[in-house]
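Heads up: the structure comes next, in structure tokens.
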Amino acid sequence: MNTFTKVIRLFIDGVCDETSADIVDARVRSIVDVVECQVFPSGLCTIQVAPNTQTTDTELRLLRHLTFDKYRAMYACDAESSHVSRIEILLIGVHKLNYHYVSDRLYQAIQGLVSCRFLNDDDNDDSRVELKYDSRKLSRFELLSMMHSLGYSAQIDQNESNFGSGIVVVQIRIEGMHCNSCVSNICATIEDLPGTLGIKLTFQESIATVTYDSRNLSLTQIVTEIEKLGFKAAIISDQHETEPSLFEVNNQNDFARTTQARKKQSDGIETCFIQVEGMTCTSCVDTIERNLSKVKGIHSVLVALLAQRAEVKYDPEHLLPSQIAGLIKDLGFRAQILDTATRGIDIINANIDGMTCASCVNKIERHIKSLSGVKSIDIALLTHRGRIKYDTSIIGPRDIIMQITNLGFPATLLSDDYKNDDLAKLQEKTTKKWRNTFLMSTLFGIPAMVVMLLFMFKWKDHDSVPQIRDGLSYENVIMFGLATPVQIICGRHFYVNAYRSLKHKSANMDVLIVMATTIAYAYSVLIIVVNIILKLDSPMTFFDVPPMLFLFVALGRWLENVVKGKTSQALKKLMSLQPLQGVLVKLDERGKIIEERVILAQLIQRGDLLKVVPGETVPTDGRIVDGTTTCDESLITGESMPVDKVVGAQVVGGTKNLVGSIIMQATHVGQETALKQIIKLVEDAQTSKAPIQELADKIAGVFVPFILIISFATWVIYVIIGYTAYDSLKKHSS
């Protein structure tokens with residue numbers, strides 16, 4: 001053997017004969033630094049590498065490269081492999097179908113991981129995995145912390161050697177929590193402390209079980225951090241230098257809760273809504289939520305990125321909304337307090353069957369108004385429809401529908417689709433109306449223009465145009481025949497709009513168009529009649545004005561409605577991406593699913609726990625409370641690459657869940673979801689005005705009166721000149 005080469009001895013699990021040994025041998029020789037190798041049917045592998053290579057890096061590269069298909073590479077049991085440590089971990093919620101995916105994630109994320117081998121091959125949702133890692137690069141605590149940051153729930157066997165030294169398990173009672181957001185804030189804060197190995201906390205029990213390394217973290221520090229968040233902490237018990245049978249690195253499976261209606265906020269707790277500008281991504285959202293949650297007196301913070309809005313529950317005895325806005329400004333964002341009376345309020349429309357008289361209506365309205373969170377209710381007996389306004393933080397649409405049904409009147413949530421269909425039909429009808437008006441104007445307007453030009457070039461002097469009789473020329477007869485249908489048929493839309501505008505004591509462009517065409521047409525008819533009676537020459541008329549003016553205005557309005565129609569189609573396609581339903585789950589105290597049922601997405605309420613399996617659409621915006629997955633968020637970001645999601649990560653309603661099964665908690669529902677906000681932005685874009693358009697509208701506000709004044713002044717001046725200096729006027733006109 002060459003004394004100038006270095007030797008690495010490995011054991012390849014899965015090698016059992018010459019064939020498998022040859023497969024591994026070929027794979028080993030593909031490594032650049034390998035000089036020679038020999039793989040035995042027993043699985044032992046001796047590898048010679050170049051003397052100038054870094055042995056440790058080459059070892060780790062070999063271990064990863066030789067872990068493929070059914071083969072698993074590990075160190076041989078000799079003195080050179082003493083720095084490799086072994087640990088067995090129970091991964092909660094990892095099915096065997098995800099073994100390959102989990103292994104790849106661990107290898108990519110954890111530097112120093114030597115091998116990852118799953119020990120069980122059954123269909124259990126919990127899997128045992130053997131990890132071997134380089135103890136010179138990371139400790140067990142760092143390994144577990146990294147697995148926790150990847151979103152995996154890990155339990156370690158008590159028989160693992162050298163694990164219990166310095167480990168403390170303590171139970172702390174926490175008072176002052178008002179919702180699951182408080183739980184998330186506490187867990188996130190404690191997990192960030194160096195030395196924390198795991199925290200288990202439930203909103204129902206209000207008891208936190210914290211496992212930590214006493215060599216890096218003290219109990220006093222933990223209690224202090226909890227109290228900094230505005231909660232009261234009391235130690236129930238602590239166990240020093242223990243070796244727990246099982247401990248959890250993540251606060252998984254502790255989100256057991258019921259799906260009953262949310263109760264009214266605690267006495268003294270108020271809610272304010274703040275408009276936040278300057279947020280660009282979810283990192284900004286996390287910055288605001290995390291920092292505000294640490295302020296004494298703030299009980300929960302919920303920030304919506306697309307809506308640019310923060311909902312903050314706070315104790316008015318400690319701080320005011322203006323101070324909360326100031327805290328957000330200190331973080332580098334622009335903040336403005338919104339009207340709390342209109343925020344957090346949503347409206348639903350319900351179809352109510354079984355009502356026969358006004359007494360039924362009164363019974364329903366009286367009962368629903370008595371519910372906490374309901375602001376108002378209006379029911380129409382003839383249409384069997386009800387409109388309910390409610391506070392989303394107190395009550396949800398599912399509760400309201402259930403209450404009405406329990407009164408003996410079957411109720412269903414009325415979708416907004418019927419409104420959108422009506423609007424689409426109305427838009428289509430309007431587009432057709434202006435298209436037909438344009439075509440009708442074109443049918444008569446183009447010939448009118450041709451006739452006018454023909455007579456203009458043929459007879460340059462108007463007095464020389466052939467006449468049917470005194471005062472009536474062929475040109476005026478033809479132009480009268482072309483202008484009259486346009487004035488009556490095409491002009492009716494403008495006349496109706498002008499009448500409605502004048503009825504409300506305002507003047508718009510329709511008024512101006514009607515006045516211009518009517519005056520031109522009426523003057524032309526009147527002057528012809530006068531000249532016929534007086535037997536004068538055929539006069540100059542303005543029959544060309546109505547067809548051409550109606551033609552261009554109708555063309556503009558037709559194109560405008562075509563663009564609006566295309567925008568409406570895009571909006572309709574966007575609305576079709578909204579999820580239709582979700583799987584509502586109920587959990588026991590251990591976090592196991594005991595009940596699940598499919599409900600309409602419109603009935604999802606804030607705080608609901610929802611199950612999302614691979615391939616399904618995320619039903620609403622929320623946070624993952626159990627499981628890991630990847631999501632296709634191209635709907636929101638336009639990026640086709642899947643995004644990894646772990647416990648605590650935010651998911652967006654309408655996006656696709658790809659690989660893992662997760663349980664999420666709804667945080668934004670109804671009109672508050674990101675998809676609804678996008679739809680709202682598109683709708684607002686159709687009605688919002690650019691600064692230049694606002695300026696144009698201001699000018700248009702005085703444009704019609706200004707034009708009328710100028711026109712009247714021009715007419716008066718010409719009348720005066722006609723009576724006082726007619727010869728001069730005739731001289732200039734000739």
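Backbone N, Cα and C atoms are what each Cβ position is placed from, and that goes for glycine too.
Straight from TrEMBL, the features:
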DOMAIN    168-234  domain 'HMA'
DOMAIN    270-336  domain 'HMA'
DOMAIN    346-412  domain 'HMA'
TRANSMEM  438-457  transmembrane segment
TRANSMEM  477-499  transmembrane segment
TRANSMEM  511-534  transmembrane segment
TRANSMEM  540-559  transmembrane segment
TRANSMEM  699-726  transmembrane segment
_Tally of DSSP helical, extended and coil residues in the domain 'HMA' (270-336)_ = 22 helix, 24 strand, 21 coil
*Going along the chain, which residues at least six beyond the ends of the transmembrane segment (438-457) come within the CB cut-off of under 8 Å?*
465, 475, 478-479, 482-483, 485-486, 489-490, 543-544, 547-548, 550-551, 554-555, 558
*Using DSSP, what's the helix, strand and coil tally for the domain 'HMA' (168-234)?*
22 helix, 24 strand, 21 coil
*Looking only at the domain 'HMA' (346-412), what are its DSSP counts of helix, strand and coil residues?*
22 helix, 23 strand, 22 coil
